[in-house]
């Protein structure tokens, strides 16, 4: 034991950290401890002061907030189903937008898909109907053409009004074309091309005598025009489906307000 004590003292002397100039490194700083303790005290005093200064009304509101948060965090089944369907619609519409731009998977076919969409545009159909109306010489033909012109004008007005109310944008940031601005088809819901194609196909199927192959081709044309708008990224799938529904309803509306031959002749004479 007496021999071990001189050895430990010699080790302590040889240790560099035990020197006087290095003793401060082995001890925590007093300033940091004091600042930490003072910061804790001040935060505790501030919390106590805030609790004392809070009014009873604020306490009641703070007690009611968790219940409101629970109502927002637990939506109804209808809200969950609607949000899920909306998310699926957006995801599927973006996947089907294969011609949205030149860099897309089917970007080379974009011009052809745009040409297919023009066949369902309102301006060519209105211009064609007016030309046929001028050249028509039969009362039955003029009656059908005048009601067709009424249906096309109603389609433009109704779709433009619904789009202004909904103001839904398409899945891709694509600016409308010049013809779209002329018919006020600037938003996504509902799809104007789809509603027009559905209305026209139903109108021709009811008022024209067509063979079965032509009837099938007419229905396929309406479907292709509607879903071509999804392929170029202008509309969602639900926009096109709702456009088909509104197109059928517009046809039913035109059937209810169908203009007779005498009314059509009077309008043609005024024009």
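A Cβ is built for glycine as well, from the same backbone N, Cα and C atoms used for every other residue.
Record features, source TrEMBL:
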| type | residues | note |
| --- | --- | --- |
| COMPBIAS | 34-52 | compositional bias 'Low complexity' |
| DOMAIN | 144-255 | domain 'Phosphatidic acid phosphatase type 2/haloperoxidase' |
| REGION | 1-66 | region 'Disordered' |
| TRANSMEM | 112-138 | transmembrane segment |
| TRANSMEM | 144-162 | transmembrane segment |
| TRANSMEM | 203-228 | transmembrane segment |
* Asked: When you scan the chain for residues with a C-beta under 8 Å from the transmembrane segment (144-162), skipping those not six or more beyond its ends, what do you find?
  -> 122, 125-126, 129-130, 132-133, 136, 183-185, 189-190, 192, 195-196, 199-200, 203, 207, 243, 246-247, 250-251, 253-254, 257-259, 264, 267-268
* Give the residue counts of the domain 'Phosphatidic acid phosphatase type 2/haloperoxidase' (144-255) per reduced DSSP state, in the order helix, strand, coil. => 83 helix, 0 strand, 29 coil
* Cβ contacts under 8 Å made by the transmembrane segment (112-138) with residues that lie 6+ beyond its boundaries -> 99, 106, 145-146, 148-149, 152-153, 155-156, 179, 182-183, 185, 192-194, 196-197, 200, 221-222, 224-226, 228-229, 231-232, 268
